[in-house]
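*Asks:* Please see the structure below; I have some questions.
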Amino acid sequence: SFTDPAVSMDLLRAVLQPSINEEIRGVFNKYMKFFQKAAINVRDNVGEEVDPEQLIQETCRSCLEQAKLLFSDGKKVVSRLPHEQAVPKRARQMDEELNRRGSPIPKKRKGRPPGQSLLNDRGVSGMAAWKLKVSEPVRRDGPKWDPSRLTETTTFVLGSRANKALGMGGTRGRLYIKHPHLFKYAADPQDKHWLAEQQHMRATGGKMAYLLLEEDIRDLAASEDYRDSVDLRLEELKPFVPPAWMTEKMQKQMETLRGGGDAPPPEAPPE
């Protein structure tokens, strides 16, 4: 019934987006060791005030921005980050050449100490736990991954609100990176329509929206990592009970993920 080609294509994209996101995450995990080593070196050279995790996330976002060049029509120019505006012409040419070649690793500079890029003792202690979360396969077992815990009275929260409640409001997606073992459900267009109608979120169009169990977030808030944080804002959670048809979809997705499968694309709205 849609006559606008852009609307039709965006509906298809929304259906495929969760699967695409999972594959993109796999690509970044493949190169994460390079980002980790570089971020630790930066911290060691600049000082302890540098947050390696934040550097890594900014680098990943920059990679995605540069990847847009692969689909450029030759007319539209991809916006650059502020620090890239002043990059000399030769440096930009080298960056574009690397993009064309598809090389993820820049050439080594002469005279660099052989052990400079390796993890040192300071880096290992500071990043060990975070590195394990990124590199190791995500475990989806135990009582928290039992679909029977999702009932018609189970309360959920938006991922954006959970980030704010745990003091991560300034960094989108940080919660999912730090705690990849949490169950999160990607809302499909039908789900987002209901969420917007109930005023749990604004109508976001093609933007992603994740739902998490309120119980899981409160368990995190009570853990050693968060309970003494001055940034804890549990009043931001605003929990709600989704309709039975949405809970059923979440049960199916949890069962699939627990069995080692990939997250299925969102189901189409019923007739």
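Think of each number as a place in line: the chain as shown, counted from 1.
From the backbone N, Cα and C atoms, a Cβ is placed for every residue, glycine too.
No curator has checked TrEMBL annotations; they are predicted automatically.
Marked as compositional bias 'Basic and acidic residues' by TrEMBL: 82-100. Sequence annotations record features per position, and here TrEMBL assigns domain 'DNTTIP1 dimerisation' to 8-73. Here TrEMBL flags 154-250 as domain 'TdIF1 C-terminal'. Annotation source TrEMBL lists region 'Disordered' at 82-120.
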*Asks:* Helix, strand, coil residue numbers for the domain 'DNTTIP1 dimerisation' (8-73) per DSSP?
*Replies:* 59 helix, 0 strand, 7 coil
*Asks:* What is the pLDDT of the domain 'DNTTIP1 dimerisation' (8-73) when averaged and given as a whole number?
*Replies:* 87
